[in-house]
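Sequence annotations record features per position, and here TrEMBL assigns transmembrane segment to 23-46, 89-118, 138-162, 198-224, 236-258, 270-290. The feature domain 'G-protein coupled receptors family 1 profile' is assigned by TrEMBL to 39-288.
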Amino acid sequence: MPNFTDVTEFTLLGLTCRQELQVLLFVVFLAVYMITLLGNIGMIILIGISPQLQSPMYFFLSHLSFADVCFSSNVTPKMLENLLSETKSISYVGCLVQCYFFIALVHVEVYILAVMAFDRYMAICNPLLYGSKMSRTVCVRLISVPYVYGFSVSLICTLWTYGLYFCGNFEVNHFYCADPPLIKIACGGVHIKEITMIVIAGINFTYSLSVVLISYTLIVVAVLRMHSADGRRKAFSTCGSHLTAVSMFYGTLIFMYLRRPTEESIERGKMVAVFYTTVIPMLNPMIYSLRNKDVKEAVNKAITKTYVRQ
């Protein structure tokens, strides 16, 4: 029988053990984190104060920005602290809390992206019924589902993480508490956790991605039937930003969670995790603003109003 040990804290090995790189990484990730906060909070405020952005698409986008802020804030502050700390530790309870919010926010974000795809389908394929079918009440109900479902599923997944047993190796080969590296160092409760992680991730990614793919298949069919070239271009332009965000987020998560944890996959997973925990939340506001005429006009009007008041 394994000699199980009570766990009080873990050591996060981080991205690198090279001391000379850690200060540089701290500066880089601090800058990325500040840009993420400013960009996403700015997007939420802009959508809230701009009359021309009071449509379902921007309502869902504001929640995507909120999820990005929470997602990045769950991981980045502890990572920044450990980059300048010698101990690089996280308490056992803190590790479980980080796992809980991470899993919850991943599910919230993938289903918000699915809801946004459905919204684009309704806007392009049913434009005459769009206003009535996507009322404020319907939008609130649609956006409530990812939050309720995500935090409920995460509670179950975290309880399975709590069921892992450890035998003295408390060094987590990652910069935050994630299921794959925890499974790798555990010596009990591994099989059920590993299977449930892959099954739950597979079901939820497949289901949410199916909503996205079906929505865009119907959108493409509807757009190709349009007689106006300008109408086709406008329809595709409203979908381009969302498709970019979907491709980046789903691609990195599938690489991370739909494989059995091995030493090689965990090392590669750390590099991929940097992308979806820090880079994607920073890029999303840029993706949705740089190619969006309505957002640009809203920014210009907000800046103009600020100068006029001064």
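In case you wondered, yes, glycine gets a Cβ from its N, Cα and C as well.
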Stretch contact, the transmembrane segment (198-224) with the transmembrane segment (23-46), Cβ-Cβ under 8 Å, 3+ pairs: no
Segment-segment contact (the transmembrane segment (270-290); the transmembrane segment (23-46)) at 3 or more Cβ pairs under 8 Å: yes
Overall pLDDT for the domain 'G-protein coupled receptors family 1 profile' (39-288), taken as the rounded mean: 86
When counting Cβ pairs under 8 Å to the transmembrane segment (89-118), the leader among 23-46, 138-162, 236-258: 138-162
